Amino acid sequence: LSVNDIVAVGPESFYATNDFYFSHLYLKYVELFLGTSWTGVVYYSPGDVRHVATGFYSANGINISKDKKYIYASDLTAHTINVFKRNKDSSLSPVKSVYVDTLVDNPSVDPVTGDIWAGGHPNGYKLNHYNPEDPPGSEVSNNILVCDWLCSYMD
């Protein structure tokens with residue numbers, strides 16, 4: 001597995017995204033070419049390691065809401081940020097998936113407002129085949145979703 005990002009939820013526990021199933025470089029390219037959805041989110045604490053969300057094409061980044069009730073996990077190649085409710089047993093329940101029209105990278109949560117900021121890559125081909133004469137460009141958005149209000153409204 002290939003850990004991309006983690007978010008701590010306690011002194012000895014965290015959630016992590018795995019962006020590839022295989023660790024070998026060539027097999028990673030096979031995953032991308034075939035469009036497999038074998039990645040996801042794992043939960044770790046002493047004595048407990050388990051998959052808590054699966055079916056991602058490339059689980060790329062993860063963060064937690066300001067109120068600690070929700071986990072945001074980005075799926076780079078699906079162009080989504082997925083919102084999960086944290087359950088008492090640390091499992092995750094899907095709330096919604098937001099399409100963001102970019103290869104969305106590691107989300108950040110504003111500690112004051114709870115807004116989500118995420119970097120994105122509008123052109124995956126240019127990103128993977130870098131040409132200094134024609135750089136790929138990147139973008140940052142905070143207009144992805146406002147989940148602190150919306151998710152608490154759904155409780």
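Positions of Cβ are set from backbone N, Cα and C atoms, glycine also.
Noted in TrEMBL for the protein shown:
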type	residues	note
BINDING	ASN4, ASP5, ASN60, ASP105, ASN106	Ca(2+) binding site
CARBOHYD	ASN106	N-linked glycosylation site
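Here the features listed in TrEMBL are placed on the structure.
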{"residue": "ASN4", "record": "Ca(2+) binding site", "Cβ neighbours (10 Å)": "20"}
{"residue": "ASP5", "record": "Ca(2+) binding site", "Cβ neighbours (10 Å)": "20"}
{"residue": "ASN60", "record": "Ca(2+) binding site", "Cβ neighbours (10 Å)": "25"}
{"residue": "ASP105", "record": "Ca(2+) binding site", "Cβ neighbours (10 Å)": "19"}
{"residue": "ASN106", "record": "Ca(2+) binding site", "Cβ neighbours (10 Å)": "18"}
Task: Other same-chain residues whose Cβ falls within 8 Å of the Cβ centroid of ASN4, ASP5, ASN60, ASP105, ASN106, the recorded Ca(2+) site, in sequence order - done: THR17, ASP19, ALA59, GLY61, ILE62, SER74, LEU76, PRO107
